[in-house]
Amino acid sequence: MGKNKLLYPSLTLLLLLLLPTDASVSGKPQYMVLVPSLLHTETPEKGCLLLSHLNETVTVSASLESVRENRSLFTDVVAEKDLFHCVSFTLPRSPTSQEVMFLTIQVKGPTQEFKKRTTVLVKNEESLVFVQTDKPIYKPEQTVKFRIVLLDESFHPLNELVPLVYVEDPKGNRIAQWQNLEVENGLQQLTFPLSSEPFQGSYKVVVQKGSGGTAEHPFTVEEFVLPKFEVQVRMPKIITILEEEVQVSVCGLYTYGKPVPGRVTMNMCRKYRNPSNCYGEESNAVCEKFSGELNNEGCFSQQVNTKIFQLKRQEFEMKIEVEAKIQEEGTEVELTGKGATEITTTITKLSFVTVDSNLRRGIPFTGKVLLVDGKGVPMPNKVIFITANEANHNSNTTTDEHGLAQFSITTTKIKGTSLSIRVKYKDHSPCYGYQWLSEEHQDAYHSANLVFSRSNSFVYLEPLPRELPCGKTQTVQAHYVLKGQVLKDLKELVFYYLIMAKGGIVRSGTHTLPVEQGDMQGHFSMSVPVESDIAPVARLLIYAILPDGEVVGDSARYEIEHCLANKVGLNFSPGQSFPASQAHLRVTASPQSLCALRAVDQSVLLMRPEAELSAATVYNLLPVKDLSSFPSSVNQQEEDNEDCISHDNVYINGIMYFPVSNTNEKDMYSFLQDMGLKAFTNSKIHKPKICPQPEEHRIQHHTLLASPVRAEMGRNRDFVHFDDTSEPPTETVRKYFPETWIWDLVVVSSSGVHEVEVTVPDTITEWKAGALCLSRDTGLGLSPTASLRVFQPFFVELTMPYSVIRGEAFTLKATVLNYLPKCIRVSVQLEASPAFLAVPEKEQETYCICGNGRQTVSWAVTPKSLGNVNFTVSAEAVESQELCGSEVPVVPEHGRKDTIIKPLLVEPEGLEKEVIFNSLLCPSVDFVFLGAEDGGQVLRHFPPAAATDTAADAHDPARPGAKVSESLSLKLPPNVVEESARASFSVLGDILGSAMRNTQNLLQMPYGCGEQNMARFAPNIYVLDYLNETQQLTAELKSKAILYLNTGYQRQLLYKHFDGSYSTFGEHRGNSEGNTWLTAFVLKSFAQARGYIFIDEAHITEALTWLAQKQKSNGCFRSTGTLLNNAIKGGVDDEVTLSAYITIALLEMPLPVTHPVVRNALFCLDSAWKSAKEGSQGSHVYTKALLAYAFALAGNQERRTEVLTSLYEEAVKEDNTIHWTRPQKPRLLTEDIYQPRAPSAEVEMTAYVILAHVTAQPAPNPEDLKRATSIVKWISKQQNCQGGFSSTQDTVVALHALSRYGAATFTSARKAAQVTIQSSGTFSTKFQVENSNRLLLQQVSLPEVPGEYSMSVTGEGCVYLQTSLKYNILPKKDEFPFALEVQTLPQTCDGPKAHTSFQISLSVSYIGSRPASNMAIVDVKMVSGFIPLKPTVKMLERSNVSRTEVSNNHVLIYLDKVTNETLTLTFTVLQDIPVRDLKPAIVKVYDYYETDEFAVAEYSAPCSKDIGNA
């Protein structure tokens, strides 16, 4: 190493001496054409030509060559001696989104020719799309309003056809769609209504562009009450570990700007990095609590000592979090705000403000650094130290009042081709300790590369320190050093410059410099107007061609403010108004702009903050913001035609050194590459390269490089009053409380102004408004937010929940607020209504309220009607001689009475039940039902060629296109809750449509074990296979399914055992043994998923090996582990059933029948079937269904046919359907008016028969498909509203069967089908189903419940119809298969804590027809206002309880099984919100696999009648 350092300068000097010295080519014609390496179609692009010293007229031409065609871009005839200009050209749209093409530039004259060919990337211009909703969150039954905005890459509006727009709910259902939408002037507004009972959660609007890309915008649907005030937590953003105190303030501010009175509770915590759930809160975090009253400004401040938070300890997170709750005075409404402060070990920090990434030998290297403390505050008058070893530089300097310091480093004697600079303030602390943090003083590091020049002539651009603001002209200094020996007799030197932005050349220019004798050094300035055309990143290139053909230059990168050319303004006049008054909204923008306006209640934004639509978000849509290099597909090194340097190797001390080209040095070519520009030139832009030597002359060992190897650094040049004219009314009635007030389109006049007169809503709040404007000339513009505060000094407001239960009393609170300077006496009245019963808390006629005071009046209200019930409350200032304190109350001249009318949703009492009716109606399929025959059905096969064979056939009602009908009778049980019934009717064009949209939510029951996770995993494979086979798979559906597969794969590994097997709850639940059945399920699913996601082969190999070890000598498999579903044990031959299941799994992987494990397993099954045929007892239906499918997979058609024949002897044939039942199934409760869905095991076994039919080899015959169709009709009737079934295994097997059947019968050529549903009365609705909307969920509410309806389908294909009937019932004692008792401790309202806390004790046992249940779920609903204490729920997890969950006001307890022995479960609940006259809550226990085996009970809080007084 030492030799290398000593010899290094000598070798560098040697290379310099080897440069040619007779390179003068003065007067030789020079050509330089610069074109971006990325070109967009259908938009103007530029290429810049520089031709100098021409001695004849030449033609410059550019052509683009693709695999399809050659296209001329431009042709210029140049007669001038010197020329510099940029040519614009436009490429047509390409059939592919992007492709690499060859660009050829030719300069040709009578005596000379220059031609060069290189690659460029050509991309089709992408339209930029974004969506704006009128607000971020919606309630049920509200209308969602949204806008689609389409722009080109210059932000100008587009007229474009959008193929598809749709809205997707949280379950993945497509609930609204628009096809082939013509968007004009870049904007389209759409709306759709939410149903009364939509899924709650995150929705999204999806826009599919013509190019195939999509844009998405989320919104939320919830039941909510808007917050009236904001809780602001104010604390430092950052503190250092040396801080001893931190100031925290909590403030409450109403949306109309007034302070909130009340009390604050503040919890300040520093969490552990690795918290524990075992020891309560203190094992999660170190916390300190504070509380106090808010002051007159609505704030509470606390100086907190940081000692408790142990800022110097490592085991904590590096932040302190604050959660503050403000309880409003009078209403007890409590809202929460959060804040956090970061903890840093950085005490001081140095950073480079302006510094070049390159250096030029002989020119001082300068820069500027900034010193700040840990909080980012500049530190003045501090000494800092600068070190640059390669330049042998050590110095110090002092920061100025802004914390800045400049430095300069001499580069004349620099070693090597790069410079590393270190700037430090203080040395780091020498003290280190385990789990302790040390203070840090961050140094600044920078590396700069040497710029190569043959003549040591340079031009360089001065760095700028900051983002450049729009609307101003920026001066850029260009410095130059020019050697006289190369300038010779030149009179003037022209510098050329280009500015690139968004990947294209946008500006160009020149600067002429008079040439003086000798060496020249100086600078000149260039003025750059900063506008939107060069945002968000501008790259500036400057260069000049010297007389000898050398090109000198530099490039710089500047961050530009995100600005838009269309300057939009928005303001309200006046800025503060009374409710229901008139106001003006003034919009200013470019003339003739189309402006979209929006004004939203600030409370909505407090409820759900949204990402602000800003210039930055629009710029983020750009596919190319900055072309920092060549695209990777064209990033090969350009051919260098310049001469290489040849010389001998150097021998020193017996070692041979050979020179290499230095990779760190920058040359003109690298500056052009930084710009993303392809250069076509005969000038010298490359540094000299070493001529390659024969390989045999090289020394392979102990070779030292003539230049050090360093990583090349990227270039970084980072641098309230009322309007007197508005008179308030004497009395106000306020009933209009929109959440979105303004949602309009207006066109700005030719003067650039538009005024809208608006009526202010009745909400006392602040409205936040914005405008989005589009102009053909200037493009997009966005206004700053405009605010209008709506206020009156005397008003009343109501505090109500989102909804209440009929008959359940709640407290209605009306708060009267007086912001007048004087006291007033107020009368408050609640208008009586037959819809509710109201009892005032206090019988008081009037209340005294002084300035800035309030009074809350309460009523105990019991609703009597369902739906939206209006509450009307009036507050009136009355005349009185009774003093308010020492003051005589006044009656305001204006606004003496305020009336507010607000609705409240009243929901039915009791237990909600849902009944699903499914139908698969097929007016035209290959197989059509003709009617019943001998208790079964007859089907006819219509081959397509026989569509018009005979006249008789044409009139056959079963022919394709015939009408197929089915009746629908909606009935209600006698114990139905009055007015609670509602029904909806849905149409889908695909048999798997609902399931493929809901693969994560197929079951309406909890998930929490390894089997349930696989039930979510496996259907994704079947859906992907089905969509692939039917050519319906879209990129969006594929990505969603693959996401689910990846997450399911990772989750399933949690349940893996060390030996490769899997169990229901994994090893951590104390299960020492894997489960044979579940391991087989996982094995086949992982194997099938390999085609879509990465699956580690080790998991498959280990599971297969483990299963092989369980195979007995007769080929059958031993059962190990606990089966949660004991229905699989219900057959006569447990071993055969399990072996059949495992054999199926192995064949589905797929393993060949010749595989030893499979071959032996098939021997087991064949032997078992022979024994069953010969024996008198036969075989269980479940077992036979599995055997039929196993033999079908194995290709044993003889055995398959035998087993199917036996199965059909036991089939149940009714209503044109076929299915199978178990001989001894559990007794079902018979009091329901509707037959419950079939048990899980019966769906599963019936689905296996479908698979046996459609897996017939080599292909299913018409008879197989005929029978499969009959079975599918029955299976489809068992689906739930999510597309799943009762439980896990039936869902997995049935969806597998439906996907195979769907693929076997699918046709893409079908025409439309028309669906009609009509009642016996006047209601009738039609739907159209075709290929384009077959995945769209079309839905309508049914008006008559109870009622009689008929459903009919005409046209072609099968249509899946689903009706959902919901109603509430009052539960009653019955003969349940479970014994369930619920008690509360205490049972009565005794003791000081009974109002706020009690225990729920559950006793459960199984008394059904079986020895024990399968896995069971206990679902405990909380009474209103109470929440479970999670640690007490977690403590239930012991031998019989596998898992617990707390979700959506429910506690879910998983039981491995329930026997006749009583199991007792107890946990604690705490009061969250006081509620009066609590209704009982429901507890339900049910068998996970036999969901019709259940029991319900109810419990009441100990203090149900008076708990609201707590």
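Just so it is clear, glycine is given a Cβ too, placed from its N, Cα and C backbone atoms.
Counting only same-chain residues at least 6 apart in sequence, those with a Cβ under 8 Å from the Cβ of Cys48 (disulfide bond) are Val33, Leu34, Val35, Phe84, His85, Cys86, Val87, Tyr496, Leu498, Ile505, Ser508. In the three-state DSSP reading, Cys48 (disulfide bond) counts as strand. Positions annotated as disulfide bond by Swiss-Prot: Cys48-Cys86 (among others).
Annotated disulfide bond per Swiss-Prot: Cys251-Cys299 (among others), in sequence order. Just so you know, the Cβ of Cys299 (disulfide bond) picks up 17 other Cβ atoms within 10 Å once every protein chain is counted.
When secondary structure is read from DSSP and collapsed to three states, Cys287 (disulfide bond) falls in the strand class. What Swiss-Prot lists as disulfide bond is Cys269-Cys287 (among others), and the listing cites similarity to another entry.
The disulfide bond annotation in Swiss-Prot covers Cys470-Cys563 (among others) and is backed by similarity to another entry. Cys563 (disulfide bond) falls within neither a helix nor a strand when secondary structure is assigned with DSSP, and so counts as coil.
Here Swiss-Prot flags Cys595-Cys773 (among others) as disulfide bond, drawing on similarity to another entry. Summarising the environment of Cys773 (disulfide bond), the number of other Cβ atoms within 10 Å of its Cβ, over all protein chains shown, is 31.
In the structure as shown, the Cβ atom of Cys691 (disulfide bond) sits within 10 Å of 11 other Cβ atoms. Among the features that Swiss-Prot reports, disulfide bond is placed at Cys644-Cys691 (among others).
The disulfide bond annotation in Swiss-Prot covers Cys823-Cys850 (among others). Taking the Cβ of Cys850 (disulfide bond) as centre and 10 Å as the limit, one finds 16 other Cβ atoms among all the protein chains shown. Cys850 (disulfide bond) falls within neither a helix nor a strand when secondary structure is assigned with DSSP, and so counts as coil.
Neighbour list (Cys884 (disulfide bond), Cβ cut-off 8 Å, at least 6 residues apart, same chain): Cys823, Ile824, Arg825, Cys848, Ile849, Cys850. Annotation comment: Swiss-Prot describes Cys848-Cys884 (among others) as disulfide bond.
DSSP assigns Cys922 (disulfide bond) to a strand. The annotation disulfide bond is assigned in Swiss-Prot to Cys922-Cys1358 (among others).
The disulfide bond annotation in Swiss-Prot covers Cys1116-Cys1164 (among others), and the record cites similarity to another entry as its basis. A sphere of 10 angstroms centred on the C-beta of Cys1164 (disulfide bond) encloses 22 other C-beta atoms.
The disulfide bond annotation in Swiss-Prot covers Cys1389-Cys1503 (among others). Secondary structure from DSSP puts Cys1389 (disulfide bond) in coil.
Swiss-Prot lists Asn55 (among others) with the feature N-linked glycosylation site. Around the Cβ of Asn55 (N-linked glycosylation site), the same chain contributes Pro29, Lys81, each under 8 angstroms and 6 or more positions distant in sequence. Annotation note: Asn55 (N-linked glycosylation site) sits in a coil segment as assigned by DSSP.
The N-linked glycosylation site annotation in Swiss-Prot covers Asn70 (among others) and rests on sequence analysis. In the three-state DSSP classification, Asn70 (N-linked glycosylation site) falls within a strand. Every protein chain shown contributes to the tally, and the Cβ of Asn70 (N-linked glycosylation site) ends up with 11 other Cβ atoms within 10 Å.
Annotated N-linked glycosylation site per Swiss-Prot: Asn870 (among others), in sequence order, evidence recorded as sequence analysis. All protein chains considered, the CB of Asn870 (N-linked glycosylation site) has 13 other CB atoms within 10 Å.
Residues or ranges marked as N-linked glycosylation site by Swiss-Prot: Asn1028 (among others). Look at Asn1028 (N-linked glycosylation site): DSSP puts it in a helix.
In sequence order, Leu1455, Asp1456, Leu1463 constitute the residues six or more apart from Asn1440 (N-linked glycosylation site) in its chain with CB-CB distances below 8 Å. Residues or ranges marked as N-linked glycosylation site in Swiss-Prot: Asn1440 (among others).
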Cys595 (disulfide bond) and Cys1116 (disulfide bond), distance between Cα atoms, whole Å: 74
Outside the region 'Inhibitory' (732-737), six or more residues from its ends: residues with CB under 8 Å to it: 578-580, 761-763, 792, 795, 895, 897-902
Per-state residue totals over the region 'Inhibitory' (732-737) - DSSP helix, strand, coil: 0 helix, 3 strand, 3 coil
Assigned element (helix, strand, coil) containing Cys299 (disulfide bond), judged by DSSP: strand
Disulfide-bonded residues compared (Cys86, Cys251, Cys470) - highest count of Cβ atoms within 10 Å: Cys251
For Cys595 (disulfide bond): intrachain residues, at least 6 apart, with Cβ closer than 8 Å: Val568, Val587, Ala589, Leu745, Val746, Val747, Val748, His754, Ala771, Leu772, Cys773, Leu774
Rounded Cα-Cα span from Cys1389 (disulfide bond) to Asn1028 (N-linked glycosylation site), Å: 63
Structural state of Cys1164 (disulfide bond), classified by DSSP into three states: helix
All-chain count of other Cβ atoms within 10 Å of Cys269 (disulfide bond): 21
Around the Cβ of Cys563 (disulfide bond), the count of other Cβ atoms that are within 10 Å: 19
Residues satisfying Cβ distance under 8 Å from Asn1460 (N-linked glycosylation site), sequence separation of at least 6: Ser1405, Tyr1406, Ile1407, Ala1412
Rounded inter-Cα distance in Å - Asn870 (N-linked glycosylation site), Cys1503 (disulfide bond): 29
Which listed residue (Cys823, Cys1389) has most other Cβ within 10 Å, given these are disulfide-bonded residues: Cys823
